[in-house]
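> One structure, as structure tokens, below. Some questions next.
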Amino acid sequence: MDNPFPYRLYLVISEENCAGRPLVEVAESAVRGGVDVVQLREKNRSTKEFLQKANALKEVLDSHQVPLIINDNLEVAKQVGAYGMHVGNSDLPPSEIRKKWNTPHCLGYSIEYLEQLNSPEAEVSDYFGVSPVFATPTKTDTVTEWGLEGIAKIRSLTSKPLVAIGSMKKDNTFEVIKAGADCIAVVSAICQAQDPQRAAAELRNEIERAI
Ligand SMILES: Cc1ncc(COP(=O)(O)OP(=O)(O)O)c(N)n1
Ligand SMILES: Cc1ncsc1CCOP(=O)(O)O
Ligand SMILES: [Mg+2]
């Protein structure tokens, strides 16, 4: 796979974060605003429910040629024919996913400790989630709040694409990209916005201004 992660604005979405609106509508608005990759992250659903949502989301994303990444669940990723998966330290390791999912797929891996960068799991991953850059109520079971210094440190240790996640918003996007991130991943800044298309467009403008 040639450069499997050339993306800049990454929506991480679940129904429960969409303020009562249908997930697929929020995702499509966000794509119209400039999101170029989407991760479906359903933490409290059965595989069957997760798969139903993934199928509905994939249909819409396909019509915009936007790739779908599945959080944590290899079965769902395989069955929906996802572009890739994102996993962290408590999940099926990337090396196991590579063995169980044959054709090349894009794999993202969360970095919570610097030591992970030298691991076999990092070696087989296509991009790293710098997780979290700033503390966030959306995910509280985190280890290191990396901050701008953390992004710069990780940037100095790897050439793989870095995805900044955790309280990313319009006001901090410029400095986070300047610190060394390649891509911004957001939940609340788009899913909770009154106008997800506009919120995505504003984030995208900040990214373009910084690169
Ligand atoms: C782009 C991106 N980066 C980091 C994460 C966090 O993944 P993980 O550590 O596995 O935590 P959960 O999302 O599974 O709660 C992510 N999902 N996406
Ligand atoms: C899934 C995830 N992984 C690290 S922080 C986070 C949540 C980011 O949510 P928000 O953009 O609302 O801060
Ligand atoms: Mg996970």
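Placement of Cβ uses the backbone N, Cα and C atoms for every residue, glycine included.
Just so you know, TrEMBL annotations are computer predictions that nobody has curated.
Pasting the relevant annotations from TrEMBL:
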BINDING   Gln39, Leu40, Arg41, Glu42, Lys43, Asn71, Ser110, Lys139  4-amino-2-methyl-5-(diphosphooxymethyl)pyrimidine binding site
BINDING   Asp72, Asp91  Mg(2+) binding site
DOMAIN    9-190  domain 'Thiamine phosphate synthase/TenI'
> Write out the long-range same-chain contacts of Asp91 (Mg(2+) binding site), meaning residues 6 or more apart in sequence whose Cβ is under 8 Å from its Cβ.
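Correct list: Asp72.
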> Between the two most separated Cα atoms in Gln39, Leu40, Arg41, Glu42, Lys43, Asn71, Ser110, Lys139, the residues recorded as binding 4-amino-2-methyl-5-(diphosphooxymethyl)pyrimidine, what distance in Å do you get?
17
> I need the most crowded of these binding-site residues: Arg41, Lys43, Lys139. Count other C-beta atoms within 10 angstroms of each C-beta and give me the top one.
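That would be Arg41, with the most Cβ atoms nearby.
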> Using a 6 Å cut-off on Cβ distance, which of the binding-site residues Leu40, Arg41, Lys43, Asp72, Asp91, Lys139 come close to any atom of ligand 3?
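With ligand 3 as the reference and 6 Å as the Cβ limit, the list reads Asp72, Asp91.
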> So what sits near Leu40 (4-amino-2-methyl-5-(diphosphooxymethyl)pyrimidine binding site) in its own chain, CB-to-CB under 8 Å and at least six residues off in sequence?
Ile13, Ser14, Phe50, Lys53, Ala54, Leu57, Leu68, Ile69, Ile70, Asn71, Val76
> For Gln39 (4-amino-2-methyl-5-(diphosphooxymethyl)pyrimidine binding site), what is the secondary structure state per DSSP, taken as helix, strand or coil?
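DSSP assigns Gln39 (4-amino-2-methyl-5-(diphosphooxymethyl)pyrimidine binding site) to strand.
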> In the three-state scheme derived from DSSP, which category covers Asp91 (Mg(2+) binding site)?
coil
> Give me the mean pLDDT over the domain 'Thiamine phosphate synthase/TenI' (9-190), rounded to a whole number.
97
> In sequence order, which same-chain residues at least six apart have a C-beta under 8 angstroms from Gln39 (4-amino-2-methyl-5-(diphosphooxymethyl)pyrimidine binding site)?
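Counting only residues 6 or more apart in sequence, the Cβ neighbours of Gln39 (4-amino-2-methyl-5-(diphosphooxymethyl)pyrimidine binding site) under 8 Å are Tyr10, Leu11, Val12, Ile13, Leu68, Ile69, Ile70, Asn71, His86, Gly108, Ala185.
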